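Worksheet: the structure to be examined is printed underneath.
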Number of protein chains: 2
Amino acid sequence: MTQWPLPLPMQRALSAARSAAAAGEVPIGAVIVKDGVVIAEAHNTPRTDHDPTAHAEMRAIRAAAKTLADERLTGCELWVTLEPCAMCAGAIAHARIARLYYAASDPKGGAVEHGARVFDQPQTLHRPEIYTGIGEAEAAAMLRAFFRERR
Amino acid sequence: MTQWPLPLPMQRALSAARSAAAAGEVPIGAVIVKDGVVIAEAHNTPRTDHDPTAHAEMRAIRAAAKTLADERLTGCELWVTLEPCAMCAGAIAHARIARLYYAASDPKGGAVEHGARVFDQPQTLHRPEIYTGIGEAEAAAMLRAFFRERR
(Lines of atoms letter the chains of each structure in order from A; the text may use other names.)
(Lines give C-alpha, C1' and ligand atoms only; values in the text may rest on other atoms or scores of the structure.)
Protein backbone atom coordinates (compact mmCIF):
# COMPACT_ATOMS: atom_id res chain seq x y z
CA MET A 1 0.00 0.00 0.00
CA THR A 2 1.38 3.38 -0.93
CA GLN A 3 0.29 6.56 0.81
CA TRP A 4 -0.47 9.23 -1.74
CA PRO A 5 2.09 11.99 -1.11
CA LEU A 6 0.94 15.33 0.32
CA PRO A 7 1.34 18.39 -1.91
CA LEU A 8 4.77 19.92 -1.31
CA PRO A 9 3.49 23.21 0.21
CA MET A 10 1.56 21.26 2.87
CA GLN A 11 4.66 19.14 3.58
CA ARG A 12 6.54 22.38 4.20
CA ALA A 13 3.73 23.81 6.35
CA LEU A 14 3.79 20.64 8.48
CA SER A 15 7.55 20.91 8.76
CA ALA A 16 7.15 24.54 9.94
CA ALA A 17 4.62 23.30 12.51
CA ARG A 18 7.22 20.81 13.79
CA SER A 19 9.67 23.71 14.23
CA ALA A 20 7.05 25.58 16.26
CA ALA A 21 6.63 22.61 18.63
CA ALA A 22 10.40 22.33 19.02
CA ALA A 23 10.42 26.02 20.07
CA GLY A 24 7.64 25.47 22.63
CA GLU A 25 4.99 27.12 20.46
CA VAL A 26 1.66 25.58 19.41
CA PRO A 27 2.56 23.51 16.31
CA ILE A 28 1.00 25.37 13.41
CA GLY A 29 2.78 26.16 10.17
CA ALA A 30 1.90 28.13 7.04
CA VAL A 31 3.33 28.58 3.56
CA ILE A 32 2.46 31.06 0.80
CA VAL A 33 2.88 30.07 -2.83
CA LYS A 34 2.80 32.33 -5.87
CA ASP A 35 3.07 30.90 -9.38
CA GLY A 36 4.23 27.57 -7.96
CA VAL A 37 7.02 29.11 -5.88
CA VAL A 38 7.07 29.29 -2.05
CA ILE A 39 7.47 33.00 -1.21
CA ALA A 40 6.90 32.81 2.56
CA GLU A 41 6.94 30.17 5.29
CA ALA A 42 6.29 30.67 9.00
CA HIS A 43 5.26 29.06 12.24
CA ASN A 44 3.43 30.39 15.32
CA THR A 45 5.55 32.64 17.56
CA PRO A 46 3.25 34.52 19.98
CA ARG A 47 5.12 33.36 23.09
CA THR A 48 8.63 33.82 21.73
CA ASP A 49 7.87 37.23 20.19
CA HIS A 50 5.44 38.52 22.85
CA ASP A 51 3.00 39.12 20.00
CA PRO A 52 -0.61 37.90 20.22
CA THR A 53 -0.96 38.43 16.45
CA ALA A 54 2.02 36.21 15.55
CA HIS A 55 0.04 33.26 14.18
CA ALA A 56 1.66 31.28 11.37
CA GLU A 57 -0.74 32.65 8.75
CA MET A 58 -0.25 36.29 9.84
CA ARG A 59 3.53 35.98 9.79
CA ALA A 60 3.49 34.30 6.37
CA ILE A 61 1.11 36.94 4.95
CA ARG A 62 3.20 39.80 6.30
CA ALA A 63 6.42 38.29 4.94
CA ALA A 64 4.90 37.62 1.50
CA ALA A 65 3.46 41.16 1.26
CA LYS A 66 6.88 42.59 2.15
CA THR A 67 8.55 40.40 -0.49
CA LEU A 68 6.07 41.46 -3.17
CA ALA A 69 6.02 45.10 -1.91
CA ASP A 70 2.25 44.94 -2.19
CA GLU A 71 -0.44 44.83 0.50
CA ARG A 72 -2.46 42.50 -1.75
CA LEU A 73 -1.38 38.93 -2.36
CA THR A 74 -3.47 38.57 -5.49
CA GLY A 75 -3.10 35.13 -7.08
CA CYS A 76 -1.33 33.67 -4.03
CA GLU A 77 -2.15 30.42 -2.20
CA LEU A 78 -1.99 30.00 1.57
CA TRP A 79 -1.31 26.52 2.91
CA VAL A 80 -1.76 26.10 6.68
CA THR A 81 -1.93 23.14 9.03
CA LEU A 82 -5.02 24.30 11.00
CA GLU A 83 -8.31 26.03 10.18
CA PRO A 84 -7.65 29.79 10.50
CA CYS A 85 -9.13 31.77 13.43
CA ALA A 86 -11.16 34.99 12.96
CA MET A 87 -8.01 37.14 13.04
CA CYS A 88 -6.25 35.10 10.36
CA ALA A 89 -9.38 34.66 8.21
CA GLY A 90 -9.81 38.45 8.29
CA ALA A 91 -6.19 38.93 7.23
CA ILE A 92 -6.65 36.40 4.40
CA ALA A 93 -9.59 38.47 3.11
CA HIS A 94 -7.66 41.75 3.43
CA ALA A 95 -4.72 40.21 1.55
CA ARG A 96 -6.99 38.85 -1.21
CA ILE A 97 -5.45 35.36 -0.98
CA ALA A 98 -6.81 33.43 -3.99
CA ARG A 99 -6.80 29.90 -2.55
CA LEU A 100 -6.75 28.64 1.05
CA TYR A 101 -5.71 25.06 1.82
CA TYR A 102 -5.84 23.82 5.38
CA ALA A 103 -5.17 20.50 7.05
CA ALA A 104 -7.12 20.01 10.31
CA SER A 105 -10.39 21.75 11.11
CA ASP A 106 -10.64 23.53 14.49
CA PRO A 107 -14.08 23.49 16.15
CA LYS A 108 -12.72 25.47 19.14
CA GLY A 109 -10.86 28.32 17.46
CA GLY A 110 -11.57 28.07 13.73
CA ALA A 111 -13.56 30.79 11.97
CA VAL A 112 -13.89 29.36 8.47
CA GLU A 113 -16.30 26.43 8.94
CA HIS A 114 -16.97 27.22 12.62
CA GLY A 115 -17.88 30.20 14.82
CA ALA A 116 -17.57 33.56 13.07
CA ARG A 117 -17.48 31.91 9.58
CA VAL A 118 -15.72 35.00 8.31
CA PHE A 119 -15.89 34.17 4.58
CA ASP A 120 -19.61 33.37 4.74
CA GLN A 121 -20.54 36.90 5.87
CA PRO A 122 -22.32 38.87 3.14
CA GLN A 123 -20.09 41.86 3.98
CA THR A 124 -16.83 39.94 3.40
CA LEU A 125 -14.55 41.81 0.99
CA HIS A 126 -13.13 38.66 -0.49
CA ARG A 127 -13.70 34.92 -0.29
CA PRO A 128 -10.84 32.63 -1.36
CA GLU A 129 -11.38 29.19 -2.85
CA ILE A 130 -11.12 26.82 0.14
CA TYR A 131 -9.76 23.25 0.23
CA THR A 132 -9.63 21.29 3.49
CA GLY A 133 -8.40 18.01 4.94
CA ILE A 134 -5.01 17.89 3.17
CA GLY A 135 -2.60 16.44 5.76
CA GLU A 136 -5.32 16.52 8.41
CA ALA A 137 -4.24 13.38 10.34
CA GLU A 138 -0.62 14.49 10.70
CA ALA A 139 -1.50 18.10 11.66
CA ALA A 140 -4.05 16.99 14.26
CA ALA A 141 -1.72 14.34 15.75
CA MET A 142 1.00 16.96 16.19
CA LEU A 143 -1.38 19.31 18.04
CA ARG A 144 -2.71 16.48 20.26
CA ALA A 145 0.82 15.39 21.19
CA PHE A 146 1.81 18.99 21.98
CA PHE A 147 -1.10 19.63 24.34
CA ARG A 148 -0.84 16.14 25.93
CA GLU A 149 2.78 16.82 26.92
CA ARG A 150 1.80 20.14 28.52
CA ARG A 151 -1.07 18.85 30.64
CA MET B 1 -23.61 75.52 25.18
CA THR B 2 -20.52 73.52 26.05
CA GLN B 3 -19.60 70.30 24.26
CA TRP B 4 -18.67 67.65 26.80
CA PRO B 5 -15.00 66.86 26.15
CA LEU B 6 -14.01 63.48 24.74
CA PRO B 7 -11.97 61.19 26.96
CA LEU B 8 -8.27 61.85 26.38
CA PRO B 9 -7.45 58.42 24.86
CA MET B 10 -10.14 58.94 22.19
CA GLN B 11 -8.78 62.42 21.47
CA ARG B 12 -5.39 60.81 20.87
CA ALA B 13 -6.89 58.05 18.71
CA LEU B 14 -8.62 60.72 16.58
CA SER B 15 -5.35 62.61 16.32
CA ALA B 16 -3.63 59.39 15.15
CA ALA B 17 -6.42 58.99 12.56
CA ARG B 18 -5.66 62.49 11.27
CA SER B 19 -2.00 61.49 10.86
CA ALA B 20 -3.11 58.48 8.80
CA ALA B 21 -5.12 60.69 6.44
CA ALA B 22 -2.15 63.04 6.06
CA ALA B 23 -0.07 60.02 5.01
CA GLY B 24 -2.66 58.90 2.44
CA GLU B 25 -3.91 56.04 4.61
CA VAL B 26 -7.53 55.43 5.66
CA PRO B 27 -7.98 57.65 8.75
CA ILE B 28 -8.23 55.22 11.64
CA GLY B 29 -6.31 55.57 14.90
CA ALA B 30 -5.95 53.45 18.03
CA VAL B 31 -4.52 53.87 21.50
CA ILE B 32 -3.85 51.35 24.28
CA VAL B 33 -4.09 52.40 27.90
CA LYS B 34 -2.90 50.48 30.95
CA ASP B 35 -3.50 51.81 34.47
CA GLY B 36 -4.41 55.22 33.05
CA VAL B 37 -1.23 55.53 30.96
CA VAL B 38 -1.08 55.40 27.14
CA ILE B 39 1.36 52.58 26.31
CA ALA B 40 0.80 52.43 22.54
CA GLU B 41 -0.64 54.63 19.80
CA ALA B 42 -0.90 53.85 16.09
CA HIS B 43 -2.63 54.58 12.84
CA ASN B 44 -3.37 52.46 9.77
CA THR B 45 -0.34 51.78 7.52
CA PRO B 46 -1.18 48.94 5.09
CA ARG B 47 -0.26 50.97 2.01
CA THR B 48 2.88 52.57 3.38
CA ASP B 49 4.16 49.33 4.92
CA HIS B 50 2.91 46.91 2.25
CA ASP B 51 1.21 45.01 5.08
CA PRO B 52 -2.47 43.99 4.83
CA THR B 53 -2.46 43.33 8.59
CA ALA B 54 -1.26 46.84 9.54
CA HIS B 55 -4.55 48.16 10.89
CA ALA B 56 -4.34 50.73 13.70
CA GLU B 57 -5.57 48.22 16.32
CA MET B 58 -3.10 45.53 15.23
CA ARG B 59 -0.15 47.90 15.31
CA ALA B 60 -1.15 49.26 18.72
CA ILE B 61 -1.63 45.74 20.13
CA ARG B 62 1.73 44.56 18.80
CA ALA B 63 3.51 47.62 20.17
CA ALA B 64 1.87 47.31 23.59
CA ALA B 65 2.67 43.59 23.84
CA LYS B 66 6.31 44.31 22.97
CA THR B 67 6.44 47.07 25.61
CA LEU B 68 4.96 44.79 28.28
CA ALA B 69 6.99 41.78 27.03
CA ASP B 70 3.78 39.76 27.29
CA GLU B 71 1.53 38.33 24.58
CA ARG B 72 -1.47 39.11 26.82
CA LEU B 73 -2.60 42.69 27.42
CA THR B 74 -4.53 41.81 30.56
CA GLY B 75 -6.19 44.86 32.15
CA CYS B 76 -5.55 47.05 29.10
CA GLU B 77 -8.05 49.27 27.26
CA LEU B 78 -8.13 49.71 23.49
CA TRP B 79 -9.54 52.98 22.14
CA VAL B 80 -10.13 53.04 18.38
CA THR B 81 -11.93 55.41 16.01
CA LEU B 82 -13.81 52.71 14.04
CA GLU B 83 -15.55 49.43 14.85
CA PRO B 84 -12.88 46.70 14.53
CA CYS B 85 -12.96 44.23 11.61
CA ALA B 86 -12.84 40.44 12.07
CA MET B 87 -9.03 40.42 12.01
CA CYS B 88 -8.74 43.10 14.69
CA ALA B 89 -11.56 41.70 16.83
CA GLY B 90 -9.79 38.33 16.75
CA ALA B 91 -6.53 39.98 17.82
CA ILE B 92 -8.35 41.80 20.66
CA ALA B 93 -9.61 38.44 21.93
CA HIS B 94 -6.17 36.81 21.62
CA ALA B 95 -4.62 39.76 23.50
CA ARG B 96 -7.27 39.57 26.26
CA ILE B 97 -7.97 43.33 26.03
CA ALA B 98 -10.19 44.16 29.05
CA ARG B 99 -12.18 47.07 27.60
CA LEU B 100 -12.84 48.13 24.00
CA TYR B 101 -13.98 51.70 23.23
CA TYR B 102 -14.78 52.64 19.65
CA ALA B 103 -16.11 55.77 17.98
CA ALA B 104 -17.97 55.06 14.71
CA SER B 105 -19.68 51.78 13.91
CA ASP B 106 -18.87 50.17 10.54
CA PRO B 107 -21.71 48.26 8.85
CA LYS B 108 -19.46 47.41 5.87
CA GLY B 109 -16.34 46.11 7.57
CA GLY B 110 -17.09 45.89 11.29
CA ALA B 111 -17.19 42.53 13.04
CA VAL B 112 -18.30 43.51 16.55
CA GLU B 113 -21.93 44.57 16.06
CA HIS B 114 -22.01 43.56 12.38
CA GLY B 115 -21.08 40.61 10.19
CA ALA B 116 -18.95 38.00 11.93
CA ARG B 117 -19.81 39.40 15.42
CA VAL B 118 -16.61 37.84 16.71
CA PHE B 119 -17.23 38.43 20.43
CA ASP B 120 -20.76 36.99 20.27
CA GLN B 121 -19.53 33.56 19.13
CA PRO B 122 -19.91 30.93 21.87
CA GLN B 123 -16.38 29.71 21.02
CA THR B 124 -14.76 33.12 21.62
CA LEU B 125 -11.84 32.87 24.04
CA HIS B 126 -12.45 36.28 25.53
CA ARG B 127 -15.03 39.05 25.31
CA PRO B 128 -13.96 42.55 26.38
CA GLU B 129 -16.37 45.08 27.89
CA ILE B 130 -17.47 47.18 24.89
CA TYR B 131 -18.36 50.90 24.80
CA THR B 132 -19.34 52.60 21.53
CA GLY B 133 -20.18 56.02 20.08
CA ILE B 134 -17.45 58.02 21.85
CA GLY B 135 -16.28 60.57 19.27
CA GLU B 136 -18.48 58.97 16.61
CA ALA B 137 -19.34 62.17 14.69
CA GLU B 138 -15.72 63.29 14.33
CA ALA B 139 -14.42 59.83 13.37
CA ALA B 140 -17.16 59.31 10.77
CA ALA B 141 -16.70 62.81 9.28
CA MET B 142 -12.98 62.17 8.86
CA LEU B 143 -13.61 58.89 7.01
CA ARG B 144 -16.28 60.47 4.77
CA ALA B 145 -13.98 63.37 3.86
CA PHE B 146 -11.13 60.96 3.08
CA PHE B 147 -13.17 58.81 0.71
CA ARG B 148 -14.90 61.81 -0.87
CA GLU B 149 -11.52 63.29 -1.86
CA ARG B 150 -10.45 60.01 -3.44
CA ARG B 151 -13.53 59.45 -5.54
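Cβ from N, Cα, C; glycine included.
Among the features that TrEMBL reports, active site, proton donor is placed at B:Glu57. Among the features that TrEMBL reports, Zn(2+) binding site is placed at B:His55, B:Cys85, B:Cys88. According to TrEMBL, the feature domain 'CMP/dCMP-type deaminase' maps to B:4-113.
Computed over the domain 'CMP/dCMP-type deaminase' (B:4-113), the whole-number mean pLDDT of the model equals 97. The Cβ neighbour count for B:Cys88 (Zn(2+) binding site), using a 10 Å radius and every protein chain shown, is 33. When secondary structure is read from DSSP and collapsed to three states, B:Cys85 (Zn(2+) binding site) falls in the coil class. Under DSSP, residues within the domain 'CMP/dCMP-type deaminase' (B:4-113) fall into helix, strand and coil as 42 helix, 27 strand, 41 coil. Packing around B:Cys85 (Zn(2+) binding site) is summarised by its Cβ count: 31 other Cβ atoms lie within 10 angstroms of its Cβ, all protein chains included.
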